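The signal peptide annotation in TrEMBL covers 1-20. Residues annotated as domain 'Organic solvent tolerance-like N-terminal' in TrEMBL: 40-131, 134-239. The region 'Disordered' annotation in TrEMBL covers 260-279.
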Amino acid sequence: MRWPIVSILVSALLSASALAQLPTTSGSGPVSIDAEKGIEWRRDEKVYIATGGARVQRGGLTVTAQTLRAYYREMPDGQTQITKVEADKDVVIVTASERVVGDKGTYDLDRQLMVVTGKALKLTTPTQVITARDSLEYWDGRKVAVARGDAVAVEADRRIAADVLTAHLAQDASGKANRISKVDGFGNLQIATPAEAASADKGVYDMDRQIATLLGGVKVTQGKNQLNGDYAEVNMKTGVSRILRGPAAGREGAPVRGLLVPGEAQAPTNRAGAAGKGP
């Protein structure tokens, strides 16, 4: 057998620091499961239960929790493939450069998807933090994280908030770690820097270029100065904002409006016009 410790004990509880090496459903190599208290194999239920400082590792991704349940399926050739891992209490997911924490989690190995729920949900990279109220999804293969419910992403003095945030990760300049390169926001999107703030129904923020593309109920503010429209391209680095009536030719939308307060800081530079037309 490929996993003698587990196979000979069947439903018995393994000794402390028990370890099982199990094949996976893809070419990412075996799944390693270990625990401080032990691993129980329930053959009829097709599940391994690791308790006490339990850990499952696949490639560069590691999941730890107080309890892990690893479900598997039997293949025609007699091999066993882990398909799903459920984590309970003190859940931590670690990759080379990301860390996700929560109370409960489910790891779908076929989809390379980990979903974490509970209190104080957080994803961190070396320079950024994402928090959420309802759930955090981490798509390992796609390097995408989805935060749901009062989602917030912070990098240095930049803050992005929305009902749902989708963060796209890419390698940093060193090539050794990932960082959030782009964030999609859906519902009550708000972007803030020390110089200005912008809000909209939804939008995309390019973290590297510091350019936000906003759609629906757009508001761009510097001090008490404000510009409103349906669609905007906002350069948070230069302070240049292009406010439009609609994102595509033929869509008129509401008029572009501005509120300029005498004595306030300079208003966002505005280039306003209907979409599809020149500035």
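Using the three backbone atoms N, Cα and C, a Cβ is placed for every residue, glycine included.
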- Average pLDDT across the domain 'Organic solvent tolerance-like N-terminal' (134-239), rounded to a whole number: 91
- Helix-strand-coil residue split for the domain 'Organic solvent tolerance-like N-terminal' (40-131), DSSP-based: 0 helix, 67 strand, 25 coil
- Note on the structure: Residue counts for the domain 'Organic solvent tolerance-like N-terminal' (134-239) under DSSP, helix then strand then coil, are 0 helix, 79 strand, 27 coil
